[in-house]
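Listed in TrEMBL:
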{"type": "DOMAIN", "residues": "B:5-297", "note": "domain 'FAD/NAD(P)-binding'"}
{"type": "BINDING", "residues": "B:14, B:33, B:41, B:46, B:86, B:121, B:287, B:328", "note": "FAD binding site"}
């Protein structure tokens, strides 16, 4: 298993290129935290706080949205068509070169 | 004025366990928490979720962990100031502290320990441009007195339990209740969803979905809102009150102004020797602190509570000798007169 590259645009518009391991059961929220990007991950990854909301900018195929994620997104703000919760997206090899943007803080 | 030995800010698992460790050292404790019930995140965000890394519990629900902690500390009779946020810290000449809450309750103690997790839970406010203008003039995030809404027109926004529960409750109080949610589906408990459906069918709740409130109107007080239903033209709705109920999110809040050294939204404690902050006598433990090697785990908070209490003992009783004891050996003597201890072995001679 190898690392993949993820591009993350922070809230100031700066683009970061980070390496994410695919064999540590990590998700996008955790990758942001590991690189000390300003993602709180308040609930720890239970799709219960939306502090890891991000916009998917590339055309990667992502895992289907669970009902929990969908309903959490229905209750947070600044939601767009391409909104996802980073904590619900596991890092897998097919996400190489995924490009995301952090949603505004709520 | 409430007097205690150790004033604990934050009644999450770390704050609660501090009561136990302090109690073993015969130190009295009092807890302040912004939430109306003890338990912090465990009780507020995920009471029904399992935790697998509490030593000795292969699996325990967060809510049950809190119940157990409350039982464990009961005999040490901690005081609670709940539903109030610790607002200011004042250091007195004798190096003791007064902490005052947003409701003006004053607490005096020689030691303050901040076990505030990610901060105090504040209502999440929707990004509506002129929202602030109407706060307390028609917009409220928490319902304190339902009578305020009697015979008034109320619009509630949100899709969780509180939005559903308050819509149900106010259906009998207000003259008109409108519930606005961005989806047709609701996240709340099934029976609440069914009840809202029933009230909608009876015409007691006006349900608008999928929609959101996008603008507020009124000279000084709120008199109407703009409702944007998906795929339709924005509509004006005459209302007296707008109650957005989008859950709570933790904010470090006033703690940030106490002169404490803050690093990455956490309070810096320069070592793991006693978890004291840059203000002597003020400690920070659990998720709220940061130091080299910090792990934000409940079990780390428990450890930090035990270490911190030993240091607090020395501060409160300078020079007084003490050695840490094992509860198996010495038992647990409550402040309520109770004593728990291991059964003594009986020795009997065989003739």
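These residue numbers are counts, starting from 1, taken along the chain as shown.
Glycine is treated like the rest: Cβ placed from N, Cα and C.
Whatever TrEMBL says is automated annotation, not expert-curated.
Here the features listed in TrEMBL are painted onto the structure.
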residue: B:14; record: FAD binding site; DSSP (3 states): helix
residue: B:33; record: FAD binding site; DSSP (3 states): strand
residue: B:41; record: FAD binding site; DSSP (3 states): helix
residue: B:46; record: FAD binding site; DSSP (3 states): coil
residue: B:86; record: FAD binding site; DSSP (3 states): strand
residue: B:121; record: FAD binding site; DSSP (3 states): strand
residue: B:287; record: FAD binding site; DSSP (3 states): helix
residue: B:328; record: FAD binding site; DSSP (3 states): helix
Of B:14, B:46, B:287, B:328, chain A-adjacent binding-site residues (C-beta under 8 angstroms): B:46
Recorded FAD site residues B:14, B:33, B:41, B:46, B:86, B:121, B:287, B:328, farthest C-alpha pair in Å: 37
Listed binding-site residues (B:46, B:121), ranked by Cβ neighbours within 10 Å, top entry: B:121
Among B:14, B:41, B:328, which are binding-site residues, the residue with the most C-beta atoms within 10 angstroms of its C-beta: B:14
Cβ contacts of residue B:86 (FAD binding site) (under 8 Å, same chain, 6 or more positions away): B:9, B:32, B:34, B:99, B:100, B:101, B:116, B:120, B:254, B:255
Binding-site residues listed as B:33, B:287, least Cβ neighbours within 10 Å: B:287
